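TrEMBL lists A:447-550 with the feature domain 'N,N-dimethylformamidase alpha subunit'. Residues or ranges marked as transmembrane segment in TrEMBL: A:106-123, A:129-152, A:159-177, A:183-203, A:260-279, A:311-329, A:335-355, A:362-380, A:386-406.
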Amino acid sequence: MSKKHEKSGYTWINPLAAWGTAVGNAAAPSVEVPDIREDWDKATGYKVKTHKVGRLKHYIIWPNHGEKLWSRWRWWPTRRNLLHVTGIYNRKTAIAETKILDRRPLYWLICLAFLAIAPMLFPDNMQNTLLTAGTIFGIFAAINVCWTLIIGTASIFSLASYAVVGTAAFLTSWLSVTYGVPWYVLPVIGAVIGLVFGVAIALPALRLDGFYYALLTLGLNELCRVFFTTSREFGSASGGLYGADSFISESWDPMVQSHVGYYSAFLLLLMSLSLFRLINGKRLGRILRMAPEKREAFAAACGVDYKRARIMIFLITSVALGFIGGFYAAQYRGVAFSIFSFDTVLLGLAMLAIGGIGKAEGAVLGTLVVIFLDKVLLDWGPMRHFMIGALMLAAVLFLNNGYFGIKKQFNAWREKKRGEWRSARTEKGGEALPEEATEVDDKDQLYLRRFDKIQRDYLKTLITPEIIEEHRRQPLGQHSEALERVLLYFRRARMEDKYALHRAGPEGPYKIIAFSGTRGVSPRLVDDREFATVDEGYHGVFMRRVHDLMES
Amino acid sequence: MAQQKIFGYANRISVKQGEDITFYVNCDGASEAQVQLVRLIHGDAHEAGPGFQEEEVAHPANGSWKVKKQFTQLGSFLQVADPDNRLAVDGAFTMFCHIWPTIPKKGERQTLMGRWDTKNNTGFALAINPEGRLEFQVGDGKEVDYVTAELPLVARMWYFVGVSFDPASGQATLYQEGVANRYNSLLGKVVPHDYASHVRQTFRFRQKNAPSTPFLIAGSRDHHLLRGDFVSDLFAGKIDRPAICDRVLSREELDACKTGAKPNAAAILAWWDTTAGYSDRGVGQTVFDSGPHGLDAEGVNHPVRAMTGFNWNGRDDCFRLAPEQYGGIEFHPDAVTDCRWEETARITVPQDLKSGIYAMRLRIGPGTGITEEYIVFIVRPAKPSAKLCYLIPTASYLAYGNESLSFDAHIIQPMTGQPPVVTELDVETYEHREYGLSTYDHFEDGAGVCFSSYLRPVINMRPKYRMSSMNITWQFPADLSISAWIRHQGYDCDFITDEDLDREGLDAIKPYNCVITGTHPEYVSERMLDAQEDFVAGGGRLIYMGGNGYYWVVGFSRDNPACMEVRKLDSGMRAWAAKPGEHYLQTTGEKSGLWRNRGRAPQKLTGVGFIGEGFETASPYRKMPDAWHRTVSWITEGVEGEIIGDQGLAYGAAGGIELDRYDLSLGTPPHTKIIAATGGHSDNYVLVTEELLYAYAGLVGSLDYRIRGDMTYFTAPNHGAVFCTGAIGYGQALPANGFDNSAAKVLANVVEAFIKDGPLPGTKWTLEEKQWR
């Protein structure tokens, strides 16, 4: 086995032989033991190129509050603090500093503030286009945020969201046109219509899975389209139903009208986001995320009543979508059939996919991108639909979960790359590299790895048939220096996966086990091989350890 | 069906004929156990000996016992006696204490103090959250509201922590300040840590106090369907001077409390003075409340006292010098000193039951391995009648009770020079950990275990057991080899235990001519040592049958005599080291550690003391020249040749395991003779650390002449004498070859001489020799 030290004819004399206590091992063929310092002398550097490590402090890090009283603010009426701020000790300096664990509320604030002042920043020549697009964006984003509650949080693949909005919009428009119902009642009536619709689509969701449910809801959407386009009451002749009461007076200046439209849609979006936050961040959202598709049985076994939760989410979002439908009618004085059209559903899906399903920010960003392409870059002509398709395809092909999944995806990719680099650079069981050392708090462990590496390299040269035979003959007691050094190393190993024997009866048989190294966790059986005597067992353990050493 | 297993313990370890003993049994997978009173004859199944032997004894209690599952409360904590619910504060209050957490980032909540019900989420508590931050919480039965400190707690640092809560404004304010000085904590002032954190949060509701919730320190109330109420969320670390006040204390007032000052008396609801109750004889388990209502707290599972407090200055190293610096009480979530099970059966020991080692044997199902339990107890004579007395070293059994070195101690394999051999029983107790640890183990936070009690199943204090790390019998099962030999020889013998000797002193052994010890009487209290010294000085004869005996200073708890305390420190072969300033026993006020370091090296009583240990081989003794002197030549009479003890159940010879050596510099009586000595020990035998001033290469068996076991003999006043075997393995050598071996022969010579009244053999050969040769 050894390359270096197969010097034959060396016989070790047991120092206990003179006493007569060297039972069975008075002398043994062994190997001469070289000086381990030779191995230390050889270990003068890493075999791979080393690089400096470290990350520059490139942003402001706030100090902790220390002696000062830190009064924390909460989101009324919850116990959640304004920001998830916590203090940590910097691992490099041991100095306390403040860390915002979740910066998303800040980003939201900045983006929403930007949306609020956006009309002031619009160029004059684009003012009208952008305000119109902004209004559509607000309404569609509100719809998509509700929709993502169903597709993302509840993971139910429903395509009927626009059907709910459309139905509510048509019915409220019709009521307003026919009975003169004022604009401020329309969203409320829409909400009631949404509730009825919600009940109708919630029930099949309990029985149908993914694809089938998607087909069903798509069919429902189509049914609504056919119903409304063919009904004269709903304006089958004019391509839509118009003439409902609105909160935007036609007597106002067109720019004022556009601005009111924009800000009312913005308000609707804010309401929709609040709803998302209330549901997703609270009990109902957690229950639903515990029971994603195909894991319902597991969730149910954990005590999660997912059916109830799914009906609830349908009812709540349908009410919200109905409300948006009523609002839509009151905003635009009516509604067009295109709300039911297949490309509306597809565009909506594209919005969700681009932004990332299951996240409010995904729904909003996706809507922004698609609306911008569809309604602002009108000059591009049909190309822009091609662009939307390409974006959606790219999101599906290259991103795991839309734009807002990129960070996680990137981190995972970097981790994978790091693993590849490391495995190319490090030796198995070798010394820690500078980049690995950054992850080890107890620097003593770094030295242990160096010591252990050299020790193992050295001991490998001592593993010879002679010492194996010597151990087989006499597992316990005084051994030749070569064997003794190997045994001392084996015995000093850390507890994790350290071998021992398990005895079944009063005098055997024995099996090899390995300790867990974790308090209270029982040892594992290494294999089923049985040893009749304890000495055979000891030798079995020794051979396993020799095997592990030579493998390392 | 659940896995079958049965475990039990008794309320006593030593019972006189005619007295009662109560048994407590926990059983899984069966409702009835087959019970048989047995006398234990021999405990080791080793092929070189007589094998396992027991003798069934007729008793009315034999037959079948109803048994059931019982639960064990793990963890030490303080329970406040508050019958009038004065601490069920509904209004404003402030709570504070000094803490020294050991595993703040445990991943589990650790309650410091409060009246909290985990199951129903009611009450209030100051705690450390799973991420290691101080947290205060109130619960109204539906929801929990809390405030968390800004910075995580650093392990082994002293802090002053507190909270004030005003339900009227909803304001809960946390107070956290580091109070480390140059001595009391892990880190010094060179570390740029800031430990302070003051956070205020406005709560949405106030606490709801359930009348049945107790106020606990270092734990909180929990409930389980089968088990009923118990305590969970246990804290690991020290708490010093906890208190609760009935109003919001200002920042300035808390700043004053940080230094240990008491707040304004009118505000105090309870202020537990953890420094009260110390005397030079130690301190008990009651923590006194110096507040207006006297709400004293009682320690459960022995929270460790006599520990340094937040204000320890590093100069006064004992609570006897400065009790005010010893307010630290150390808590461990895995401590257990009393399982507190429901009684299973109580029996009366018959008047005519011969003194000896007995056990209640319980079997369920197959009746082997963990489906068989022996609850061991020693029967003392109601009146001493024999000449010979076997002193059973129960204190040492406690010290090793349920040791799990094979599983947890990475040093054990280098020590024993072999892979451990574990059984189903070892794995079972290791996995479940309900039966507590030995003084060789560490708690999960790394602190050494200083209390051990027999009010819990002690799985290695039973026949058939072998210590897994060494694969030989150890302590109790090894001592059965001596009692088996005594029985084989037909000597009339009374049995008593360390506990009896500690309670009764010299009176317990005075009636006997000869006292013989167990194989490893390592742990001794001052009363035990005094009694044996007085016994020998008064004409008694002592046979010290082992190695590494009379070594550690121990104390027995006043409030729970079943519980023994030891602190390991300074030097000696020790599994852990007590922290600076924590070297004195809370049970007696004595300094613990080695008797040798207190001026009573074992050599002074026995002639020999610990010198080396090794665990994979053993050697025989060879007669030393003095063996031929007529004062002692009778001892080796009948031994052919010069070799003694070349067989044995522990590594094949009598001279092994732990070895004791003659040493005049440590007080071996000057007229002591070395009859025989072992030699040729392998390099696994190493020198003990108390001998080490400088470490240098070669302090091992084949290179250091001191590493050997000395068989010694000396005479004492009034026909007294002491004979020592000098090695643990001697006892396990006695049963070899059907009790017919040289080790047994030598011992028989000694015992037969020692039990006779009047002068000892060889006492006349005392003149200065005039020799021709």
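From the backbone N, Cα and C atoms, a Cβ is placed for every residue, glycine too.
Unlike curated records, TrEMBL annotations are generated automatically.
Helix, strand and coil content of the domain 'N,N-dimethylformamidase alpha subunit' (A:447-550), in residues and according to DSSP, is 51 helix, 23 strand, 30 coil. Counting Cβ pairs under 8 Å that are 6 or more residues apart, the transmembrane segment (A:159-177) and the transmembrane segment (A:106-123) reach fewer than 3 and are not in contact. The transmembrane segment (A:106-123) makes no contact with the transmembrane segment (A:386-406), as judged by fewer than three Cβ pairs under 8 Å among residues 6 or more apart in sequence.
Contact between the transmembrane segment (A:311-329) and the transmembrane segment (A:362-380) is not supported: fewer than 3 Cβ pairs lie under 8 Å, counting only residues 6 or more apart in sequence. Same-chain residues lying 6+ beyond the ends of the transmembrane segment (A:183-203) with a Cβ under 8 Å from its Cβ atoms: 158, 160, 163-164, 167-169, 171-173, 175-176, 217, 220, 244-247, 310-311, 314-327, 329-330. For the domain 'N,N-dimethylformamidase alpha subunit' (A:447-550), the model gives a mean pLDDT of 94.
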